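In what follows, a single structure is set out as structure tokens and then discussed.
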Amino acid sequence: MIPARDTIAAVATAPGRGGVGIVRVSGPRARAIAITLSGREPTPRHAHYGPFHADDGEVIDEGLLLFFPGPHSFTGEDVLELHGHGGPVVLDMLLQRCVDLGVRLARPGEFSERAFLNDKLDLAQAEAIADLIEASSAQAARNAVRSLQGEFSRRVHQLTERLIQLRIYVEAAIDFPEEEIDFLADGHVLAQLDGVRTELSTVLREAGQGALLRDGMTVVIAGRPNAGKSSLLNALAGREAAIVTDIAGTTRDVLREHILIDGMPLHVVDTAGLRDTEDQVERIGVQRALSAIGEADRILLVVDASAPEASDPSALWPEFLDFSPEPGKVTLIRNKADLTGEAIVLRCDNDGQATLSLCARSGEGLELLREHLKHCMGYEQTAESSFSARRRHLDALRLADEHLRHGHDQLTLAGAGELLAEDLRLAQQALGEITGAFSSDDLLGRIFSSFCIGK
């Protein structure tokens, strides 16, 4: 356990009023503070009900006091929890009393950071705490719990252990070249390397599903005024989220709705109609729409199928493609298909341009759109996803896979054992970034600073 230099405290419950509020303390002064506030020696891991006293003996609040001696606590240090009434004033008084007794206010994520530094959990498990708090669906919450319990870390450790054993074998073959047997050419190394790559591919696929359930994707609905953009937003949201009228330019700002499609979070953004206008407010709305288009994972370009104008995105709005750097991210939505009598169908041309005919008002074609959005993000409802993952985890897994692929080429094409050994080392280092075995202080600072205060 890393010795703590000071004692920290923070409110561990969400801001606002509630039935119960918790002040958490961690560090070497936790036990002394428990005695001072309650007037008695706390029994480890037992709940004590009683008053919490101010310096002059006045009762600040009454509630439960729990003391967890280190190293058998969340942070690995002595931890004190004060469970009082959930009013912000009362909690602030309790927190200030702790500060007066020699503690300092905790930074965001500092409790979890101390748990990580004291080997109570690894980096992936620490991130799972934040993922569980922020989960937007039941499946995402279940995945976060599995990661918190170590499922993701266990898979990464298994891969790392296989890499270590393979490195030992390869480096031994390099260090003893006088042996008559060419250990690099006997097929054992190649078989083991292929096995690790196969397992890594499986973990990467599951991590991709976990990341989708955690982050979802951002879908921007864009198009000319009166094309039916707001009607499409309402249809996807299942409620009247946006005002719908026959007046062009009704939507002048960006509207956001968060929905779920088979457990996958979808962040839908409705935008102002794209057109040249002299109205200053509407012009600002168009600029915000173009900004949202540039940041989208997927763009639904809505056109009025009953209008005679072209369905080519560049013809509908000349600047559109300038703000959408990847044309492949655009799905053309031919809305009001009920007026044209065209089939409700999804088509893809030779250039990969997807076009979907639907009717937002009646809901015809919406299920096709939902399936299309899941397909665009590679989400499979039936695919196994047993843990939560973040984009940095995917980047690390892909980097490890790239090193293993390169190492495979070095072995099979050049027989270069030294270069293979280096690629194995780099792959192991990439995996270590996930659990924190190889992590810079800058990375740790960025991760834990995004946590809630008190976590």
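Using the three backbone atoms N, Cα and C, a Cβ is placed for every residue, glycine included.
For Arg24, Glu81, Lys120, Lys455, the entry in Swiss-Prot reads (6S)-5-formyl-5,6,7,8-tetrahydrofolate binding site. Neighbour list (Lys120 ((6S)-5-formyl-5,6,7,8-tetrahydrofolate binding site), Cβ cut-off 8 Å, at least 6 residues apart, same chain): Pro71, Ser73, Phe74, Thr75, Gly76.
DSSP assigns Ala272 (GTP binding site) to coil, not to a helix or a strand. Look at Swiss-Prot and you will find 226-231, 245-251, 270-273, 335-338 tagged as GTP binding site, backed by sequence analysis.
The Cβ of Asn226 (GTP binding site) has 20 neighbouring Cβ atoms from other residues within 10 Å, across all protein chains displayed. Marked as K(+) binding site by Swiss-Prot on the basis of sequence analysis: Asn226, Thr245, Ile247, Thr250.
Among the features that Swiss-Prot reports, Mg(2+) binding site is placed at Ser230, Thr251, with the record citing sequence analysis.
According to Swiss-Prot, the feature domain 'TrmE-type G' maps to 216-378.
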Candidate with the highest Cβ count within 10 Å, taken from the binding-site residues Arg24, Lys229: Lys229
For Arg24 ((6S)-5-formyl-5,6,7,8-tetrahydrofolate binding site), the three-state class that DSSP assigns: strand
Number of Cβ atoms other than its own within 10 Å, given for Lys336 (GTP binding site): 22
The one of Glu81, Ser230, Ala272 whose CB sees the fewest other CB atoms within 10 Å, among these binding-site residues: Glu81
